[in-house]
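To start, the structure itself, in structure tokens.
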């Protein structure tokens, strides 16, 4: 939150904790909005990052190089609802090479595979100072709306399987970089589902994994992971679907220590809030109708009197009526 770091943050209210932030090594300023998230039992370490800004793309690739990351997992589109959520930090078929002179890296597109819900790219990252190169997978999920959830757990799990098949999430490589726009909502959902499925597979017991406990532990490393009830509900659904294939048991269950945070409870609470809101609106409508009816009755009472009296008296009575209506 130092003044010199403000232009490196996409959002003012989302910044990494000091104890878990990734530090750039070969840079005058070591700050980047990214956090190391570790789950020891699952042997998973992720770097959860905000979507790069135009002025931090070079820092982003410096981080990938220094952390020996094998993959970048992107869960957002560049533009969403007319707003830029991320800079164009990777090369495209039209512009197959990008240079970042501020940190000394060149990124080249090697190949690209377009699927229905995601794109897989292979990139070459070259350090212009040392001449060294490394191959980076770029997994881009293209159908996940901001503050929303994927179309189905199946499409998301297919994407997760594709990422896993590359071997880039394993402990033999550096931590994969997972980002969306802020690096907390969609990124948190991806990391939580992957971690819980790993734990279920290791323990061979789906009910032994407390999803909420895992999420709270991960939040110790980066603030605000999973932003909406829908994202939490989706995490449960995806874990349950994934557990069925892992355990070979359609009755797979997950554990939770707090029933007030389960998807069913959140659905119930949302429904109750909608009912209460509707009841309040109906009450206000009834009040307005009652007031209108009272005004109408007053007018019907005084109308014949006004018609049968002289103009002067009518004016006087009109003033009385105005006074009555204002009460």
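Each residue, glycine too, has its Cβ placed from N, Cα and C.
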Per TrEMBL, member of 114, 146, 205, 210 binding substrate alongside 180, 181, 182, 183, 184, 185, 186, 227: 146
Cα-Cα distance linking residue 180 (active site, phosphocysteine intermediate) and residue 146 (substrate binding site), given in Å to the nearest integer: 9
Tally of residues which DSSP labels helix, strand or coil - the domain 'Tyrosine specific protein phosphatases' (154-233): 47 helix, 6 strand, 27 coil
Packing count at residue 227 (substrate binding site) (other Cβ atoms within 10 Å of its Cβ): 18
Cα-to-Cα gap, residue 227 (substrate binding site) vs residue 180 (active site, phosphocysteine intermediate), nearest whole Å: 12
Environment of 146, 180, 181, 182, 183, 184, 185, 186, 227, the listed substrate site - residues of the same chain whose CB lies within 8 A of the CB centroid: 75, 76, 147, 187, 188
Residues satisfying Cβ distance under 8 Å from residue 185 (substrate binding site), sequence separation of at least 6: 146, 147, 224, 225, 226, 227, 228, 231
Recorded substrate binding residues, 146, 180, 181, 182, 183, 184, 185, 186, 227 - maximal Cα separation rounded to whole Å: 12
